[in-house]
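Per TrEMBL, the feature active site maps to D144. The annotation active site, proton acceptor is assigned in TrEMBL to E209. Annotated Zn(2+) 2 binding site per TrEMBL: H142, D175, D236, in sequence order. Taken from TrEMBL, the feature Zn(2+) 1 binding site covers D175, E210, H482. Marked as domain 'Peptidase M20 dimerisation' by TrEMBL: 258-402. Feature annotation from TrEMBL assigns transmembrane segment to 12-32.
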Amino acid sequence: MTESGQKLNIFKFLKIVISSFLIVALLLFTIASIRTLSLDVNVGLQLARWEKTNNLSLVIDHHQREELLANFKEAIRIHTVSFSEKKSNTTALLQFDRLLRKVFPTVFSSSLVHHELVANYSHLFWVQGSQHDLVPYLLLAHIDVVPASEADGWEAPPFSAQEIDGFIYGRGTIDDKSPVMGILQALEYLLKKGYAPRRGFYIGLGHDEEVSGFKGALNIVRIMKQRGVQLSFVLDEGLAVLDGVISGLQGPAALIGISEKGSATVKLSVSMVPGHSSMPPRETTIGILAAAVKRLEDNPMPRLFGHGPERETFEHLAHKFGLPMKFIMSNLWLFAPLLGRILERKPDTNAFVRTTTAVTMFNAGVKVNIIPSLAEAYVNLRIHSAQSLKEVLDLIQSTVGDQRVKIELVDGFDPLPVSSADEKSFGFQIIKKTVLDMFPTVTVAPGICIGNTDSRHFKDLTNDIYRFAPIWFKPGDAQRFHGINERISKKNYEELVVFYFSLIQNCDIQKLPEPHSSVHEL
């Protein structure tokens, strides 16, 4: 073959390759464009024929408003602090018990409600339903709070429940006394109006959630297991309504947590014979351990964006973004790696992308002229839903790569199972309907909790655990959670009461309607 013939064949080959590439690119672009224009996973059951119910309405008058706010403020003023697994303010917990009995007399006296104390300070309520074939559900919250000190820079004393510009300030206003008081206040109103549920339900109030819930929530679970209880769903604290928090999102979004990241605390340690600082070895315990820690920080866990429930979150929100983000988020099957690289640039969004690694403690040395015999570091990891605890420990071992560094698991657990969020998911759809009835302009989406709640203890009692309360977060409000100036607006607390008032009644339907697309409605 002549040289010109060879060049011609090469040219034809390149032409075919380029043409094929352009055809594939055009095809992908066409598919992605169609999906961008058509994807709206939020329609769901909104246009379907819901079972008719005669829900009671709640119009809160001035006297009731003053009373419910006074009750809530009194709850905030009680120092129900959990300091550690072994230390909590039991005097305050008993005081809180007396408060509940005083301000919710109908709840504690109704023949429909069975109440019992669990582990001395937690509460379990059973509200009997008229239709025993309907599977019950559980509303979960916790009484205890984390410590707070006015010296940290609070605008109002953290247990004062002081009002500033329409907000009530105090530890527990968000986490988690607003759901505690809101649930019981809603039930109090319902019972006073003569309400009797068709579907029975439980209310669980733990007293040690902030220190893992091993006494409160775990004992509630034990009691329910002994009684053979199985639950339709569990609703606990977790995510919220985000307004202006997600950059580029048009309008507020209510994120309902359908899973929680796993957690692990790992101890790294290096030991050697101590010595005098005047004759140091080439490497010390501190140097060896510091190098190991640096390797962990320089080599983060693998990027897993799109392999967990965060994919559903972004797909549900996609239609509320402008271009080009709408195009990208509607097509995570194609763009997940790209979006993952964008999200990992910021700490708050990096948590969606991978298992996070945080070195939280480093201890070594007792004297300036002594080379320490022991250096220790503690690493806290929040495990992505697509990974297991074992996989994370294996990666730590390989990344550290130094046999002189001892690696020990202090405690840990796998990510929680992912709860359902489709059109057949009773709990998710009831919560969603209740949110949209109250806030029609809000976009509802499933989400992932990067922290952990008491609800994780209930995974043997149900397949569906949801983490949500209709607390509105503006930019900067998330930092108030466990931080300074925790607060909730008076209006928002009232909305919580109305939310639970409606949710309880919405749960009385026999079953969900058929999806709109299945009933052939126009």
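If you go along the chain as it appears here, the first residue is 1 and each next one adds 1.
Even glycines carry a Cβ here, placed using N, Cα and C.
Because TrEMBL annotations are produced automatically, they should be read as predictions rather than curated entries.
These figures come from a predicted structure and were not determined experimentally.
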Other residues, Cβ within 8 Å of D175, E210, H482 Cβ centroid (Zn(2+) 1 site): V145, V146, D176, F481
Binding-site residues (H142, H482), the one with most neighbouring Cβ atoms at 10 Å: H142
Which of D144, D175, E209, the listed recorded positions, has fewest other Cβ atoms within 10 Å: D175
Shell of the Zn(2+) 2 site beyond H142, D175, D236, same chain only (C-beta within 8 angstroms of their C-beta centre): L140, A141, D176, P179, G206, E209, E237, G238, T453, D454
E210 (Zn(2+) 1 binding site), number of other Cβ atoms within 10 Å: 24
Spatial neighbours of E209 (active site, proton acceptor) among the recorded positions H142, D144, D236, H482 [C-alpha, 10 Å]: H142, D144
Which recorded positions sit within 10 Å of E210 (Zn(2+) 1 binding site) - Cα, from H142, D144, D236: H142, D144
Listed recorded positions among H142, D144, D236 whose Cα sits within 10 Å of H482 (Zn(2+) 1 binding site): none
In the chain carrying D236 (Zn(2+) 2 binding site), residues 6 or more apart in sequence that have Cβ under 8 angstroms from it: L140, A141, T453, D454, S455, I465, Y466, R467
Arithmetic mean of per-residue pLDDT over the domain 'Peptidase M20 dimerisation' (258-402): 94
